[in-house]
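*Asks:* In case it helps, TrEMBL gives these features for our protein:
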- A:1-103: domain 'HPt' (DOMAIN)
- A:His46: phosphohistidine (MOD_RES)
- A:256-308: region 'Disordered' (REGION)
- A:272-288: compositional bias 'Low complexity' (COMPBIAS)
- A:296-308: compositional bias 'Low complexity' (COMPBIAS)
- A:309-559: domain 'Histidine kinase' (DOMAIN)
- A:561-693: domain 'CheW-like' (DOMAIN)
Amino acid sequence: MEMNQYMSIFIDEANDHLQSLNENMLRLEQQPEDISIVQIIFRSAHTLKGMSATMGFEDLAALTHEMENVLDLVRNGKLSMNGNIFDTLFKCLDALEAMVQDVINGGTGKGEVTELVERLKAIVKGEDGGKGAAKAANKEQAISASLVLDQYQLSVLSQSMESGHRAYYIDVKVREDCLLKAARAYMVFDVLERNGEVVKAHPSVQEIEQELFERSFSVYYITQVDEAVLRDGISRVSEIESVVLTPVDRDSLAELGRPQASSVSTSDAIKETAAATESAAPAAAPSAENGGGLRAAPAASSAAPAGNAAPRTIRVDIERLDSLMNLFSELLIDRVRLEQLASEVRRNDLTETVEHMARVSADLQNIVLKLRMVPVESVFNRFPRMVRDLAKSLDKKVDLVIIGAETELDRTVIDEIGDPLVHLIRNAVDHGIEPITERIKAGKSEVGTVHLRAYHAGNHVFIEIEEDGKGINRPKVLETAIKRGVVTVEEAKNLSDDEVNMLIFAAGFSTADKVSDISGRGVGLDVVKSKISSLGGHVSVHSKLGSGTRFSIQLPLTLSIIAAMLIKLGSEKYAFPLSSIVETGSVKRSDIRTLHGNRIIDYRQSIIPVVSLAALIDSPDYRDDDETETEMIVIRKGDKLAAVLVDEFIGQNEIVLKPLGKYLNANLGIVSGATILGDGQVALIVDPNALIK
Amino acid sequence: MAEEMKVIVFTLAQEEYGIEVDKVRTIERLVPITRVPKTPAFVKGVINLRGIVIPVIDLRGRFGLPETDLTENSRIIIVAANDLEVGFIVDSANDVMDVMSDTIENPPEVLGGIKAKYLSGVAKIGESRLLILLNLVEVLSRNEIIQLEQFGE
């Protein structure tokens, strides 16, 4: 069987399930009593197991199988979660993630799981020790009465029937020549679980997955979906010979209850089971009553969108999106060219057509750019787990509050922003939040809070990391900066508070007294800053001693198409990103004065430096000294302004960013990239940040 | 066993050079080149090759030969090696030739001013024709550019 074509689906889905496992485990840790979360975790683990087994990743399957055993006990109220179980399960998730990562990298997905499996087994045994007999009895019962429902399952059935669900007894038979019975069965279960809930299966789900069944299996099932829809869904799975749906009503349910009662009286061992189930009943019953309604609700609500949503989204290879983007950018270049030609030709119908095309392509541009937008959630969702582990290892209590995870950013930005964020969050937890004793001493609550916020503003996305820790100790920062030679004593005197804060981003700076393995190696924050600048972003920090620090990252919405001002310099054309232009205007040569050897002008009651672009780029055929009046662009970097002298303005344009090619990338300097103009020529994009010191 | 390999033949200062055909993307006529400031003199700038921005270098300048004005015959050979795509400006490019691997000899120690490390061999074709085969990895090596930059500063 050709597995490769399923591999990418497996990887995608495995990642999704791992993510959901992680998220729900964290939620469960907050509310350990909530059985509905256990149900979700169980289902994810279960699906993952089925997928792994089908793809032949035995270690993955083995580990998930044991996890499932533990979770099964929990969801049936036979085991309650405790710290040890949480830790073990989290370790399991790490191991699973490592194995899936291995698969992604082309490995065999093998991993050392025996220890974890033993630990899980110990948990199952440890809690189940007294009821060992019950387990044996369970088996016996399974053999003697193949599809007998226990009381819990009966009550689930009857309750869901009361709340308007339909119950069915479904008998599925696979074809004789079916090669992968387990896979087909898994697909059937997939259909079933999407539309409702399997109450009981025979043979057991585990046995079915290990292909321990002949040709047919049967389930008790509750759903709100129509019988016909269900039958149709199951028969659509290939290699299924027949599906028999028998509705279960109240009378037949009562009958179902009876054989169990009689079977109890036949065997002592089974009596014990009954006792065991009864002892578990008080725990299970309320959860069934509350959960019954609750569970029905999510099932119903998830069924409805699933019906609509499933065909509405498709997975698309990122490369295809990239090539779509490339093709579109060529179209954009041609559009600009056509507009130029049309204005030269001056024919009405041509101009109209070109204008219409321009409008359509503007819409198209919006859609193409939106296609590449991804919610920051995909980066944020690994942080809760990270913060939890960090806080644990540092013996701190930290709450991570995520706001605005649905904010969308270009995929290229998303890919790059992960590492800087990891670093800032580690920093916040390690250096920002104080140890518990210190917090109590300072009169704060012992749980520190880290806010992770994302929001749109104008053409930018802001990501903020704010904690309520000790804040930046400015005198100490200054002292270290001077010691490390980042600033001189003289310079230090003139720095504003925010400028002092920014010193922590300087290369080779670290204020941590102790070097820990989490952060504080003195590399990092400068890397964070340069990474963010390379994305066209900007990072700033605000801090109040004693009450916390806020890091704010400003990022461009997209990196591929920007609005720019095109200018001419003799025979050469350059582009300035519009986002950093404050104003354009002209300046008389006589207004440019020199101050201490630097050329400056008066600009709206302040004095700003003058930069000659022609001198900076060694323009071959333009000198601004010859002119009496020069055009200028006032640009901004942070709160600093500068006037850049240019020859002539061409106009404002949407331009497509193109890299200069690897060969030249390292020596870019004042050029940040290139774009292709309407006439097919390449124009270089000036990096305004490099013009302001 | 002698293997046959195809090379693109181009000329540079009256001498004939060869590049393996599978390293060559396309051969273009001259197009307008946009100068990139603060680069070594032999980097002529960047061109638009069907929507992709590609740097071009003057091979004469790279090899330390005197640069001449571009003519009707000048061509830009786009090569791809080391993950890099670069255009070479050459005097002319007009032939594809089969070269038997057993006719290729190691480059002589001193060869017309061009450093031997830029060459991978010399193929003898017929009685009097010599074809100089380029070592693209060295020609495209960025080390020298980086050195030049540091020197410039």
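Glycine too: its Cβ is placed from the backbone N, Cα and C atoms.
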*Asks:* Is it possible to list how many residues within the domain 'CheW-like' (A:561-693) are helical, extended or coil according to DSSP?
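*Replies:* Residue counts in helix, strand and coil order: 21 helix, 76 strand, 36 coil.
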*Asks:* Using DSSP reduced to three states, classify the residue listed as 'phosphohistidine' as helix, strand or coil.
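*Replies:* Helix, per DSSP.
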*Asks:* Within the chain of the residue listed as 'phosphohistidine', which residues six or more apart in sequence place their C-beta under 8 angstroms from its C-beta?
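*Replies:* In sequence order, A:Thr64, A:Glu68, A:Val205 meet the Cβ cut-off.
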*Asks:* Please work out the helix, strand and coil residue numbers for the domain 'HPt' (A:1-103) from the DSSP assignment.
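*Replies:* Here the numbers are 87 helix, 0 strand, 16 coil.
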*Asks:* When the pLDDT values for the domain 'CheW-like' (A:561-693) are averaged, what is the result?
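*Replies:* On average, pLDDT over the domain 'CheW-like' (A:561-693) sits at 83.
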